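Features as listed in TrEMBL:
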DOMAIN    5-369  domain 'Acyltransferase 3'
TRANSMEM  9-27  transmembrane segment
TRANSMEM  54-73  transmembrane segment
TRANSMEM  85-104  transmembrane segment
TRANSMEM  147-164  transmembrane segment
TRANSMEM  185-202  transmembrane segment
TRANSMEM  222-242  transmembrane segment
TRANSMEM  249-270  transmembrane segment
TRANSMEM  290-312  transmembrane segment
TRANSMEM  324-344  transmembrane segment
TRANSMEM  356-373  transmembrane segment
Amino acid sequence: MPRRHDIDALRVIAFAILILYHVSGVYQRDSDFHIVSSYQNSWLDYVRIVFNRWRMPLIFAISGIALGLALRGRNPRSFMLARTWRLLVPLVFGMLFIVSAQAYCEGISKGTIETGYAAFMWRYLQLRPWPAGTFAGSTHGITWNHLWYLAYLWVYTLVLLALAPLLRSTPAQRAIEWLVRPRGLAWLLMPAAMFFAFLVILKPRFPETHALVGDWYLHAEYFPVFVLGFAVADKAAIWTGLTRLRKPLLAIAVACISVELSLKAAGQYLPAGEVPLWAQHVPWGTMERAARALYMWSALLAIFAWGHALLNRPMRWLPYATEAVYPWYILHQSLMVLAAYWLIPLQIGPVLEPALVTVLTIAGCALLHELVIRRVAVLRPLFGLGLVPRGARLERRPKAAPLQVD
């Protein structure tokens, strides 16, 4: 099967959206982010909802597709050892030395930490629990913040490799092809109904924590799309059929998010006394959750369909950007929190402050990746990059490597 340039490109785009989404968390109304600006915007709630419903399912689906393509012809045991190195080494390093900056800034801004950074790091690296509320995850002594994705991906990969022989059996392949082949409404409504059930049954009982253990609602949302991505990675007929339906899929997604946002706005801004009696008996909450579930699934399909139609071709910038994704992902939130920590006290305005936070975050990621991480051999594996053979020349535009799953 030819290289999937569209999956490479969507991966880059998905993580670029992730950076902007995290920046918006600093300015969201009633934000519980690690650091919060005084310039909060209520309209950001609605913008974030548009992206929030599919941004992480998209990333996990891409990871599943990448795993399905990368595993072909590979020994599962050696592959898992390589994935463990690529995922857990950056995770542990990031928790110790990258995310710690976020914890410090959060504690200083809350008034729960009063020491200098050196004294904080000495205490942080002892891995002893902190008082509750010192910073996110403080009771565990150490936190992973945005790096939770690496832990989830490692566990999902381990489980999926154990299930791979079953998933690749003939009955399973027929069932998967029947479910996702773009014909009729089953391929659209059945997964949406499943995600709706998760919203109704699991979400109220298991609010998302990103703690891995007990995070059952998020596992129910992320693991199925990860498995499905793995299962359809090399099914050319499915991708061709999906691409043909890109316009109706986009229309369905737009209609669903319009319904969800309209219901949320009505519930927030419409005075209770002005609601007709008949409207008080309509299950608006159920309708909102149904629209949310169908939006997530249809948007996911639409993104892959349009990506396959527009992005499945070589692009000069893509190999370099594909390599940069992992280091940028590890770095971005700590750089963003540091930038916000320095800029918030200056009170430079509701436009200039978020603009500078965004620019400083992107510039920091770009400079550290290009000038330091790529060029220092010992740092490359700590940020998920492969080792450069001794004496080899570091290319400015690396050749496209096998699609990564991290």
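Glycine residues also receive a Cβ, built from the backbone N, Cα and C atoms like all the rest.
When each of 9-27, 85-104, 147-164, 222-242 is scored by its Cβ pairs under 8 Å to the transmembrane segment (185-202), the top-ranked stretch turns out to be 222-242. Within the same chain, residues 56, 59-60, 63-64, 67, 71, 76, 79-80, 83-84, 87-88, 90-91, 94-95, 98-99, 210-212, 218-219, 222-223, 226-227, 230, 329-330, 405-406 sit at least 6 positions outside the transmembrane segment (147-164) and bring their C-beta atoms closer than 8 Å to a C-beta of that stretch. Here the listed stretches are 9-27, 85-104, 222-242, 290-312, 324-344, and the one with the most C-beta pairs under 8 angstroms to the transmembrane segment (249-270) is 290-312. Counting residues 6+ beyond its ends, the transmembrane segment (290-312) has Cβ neighbours under 8 Å at 4-7, 9-10, 53-54, 57-58, 61, 188-189, 191-193, 195-196, 198-199, 225, 239, 242-243, 245-246, 249-250, 252-253, 256-257, 259-260, 263 in the same chain. Long-range Cβ contacts of the transmembrane segment (9-27) within its own chain (Cβ-Cβ under 8 Å, at least 6 residues beyond either end) map to 33, 35-37, 39-41, 44, 47-48, 51-52, 55, 58-59, 62, 66, 146, 303-304, 307, 311, 315, 318, 321-322, 325, 328-329, 332-333, 336, 340, 350, 354, 357-358, 361-362, 365.
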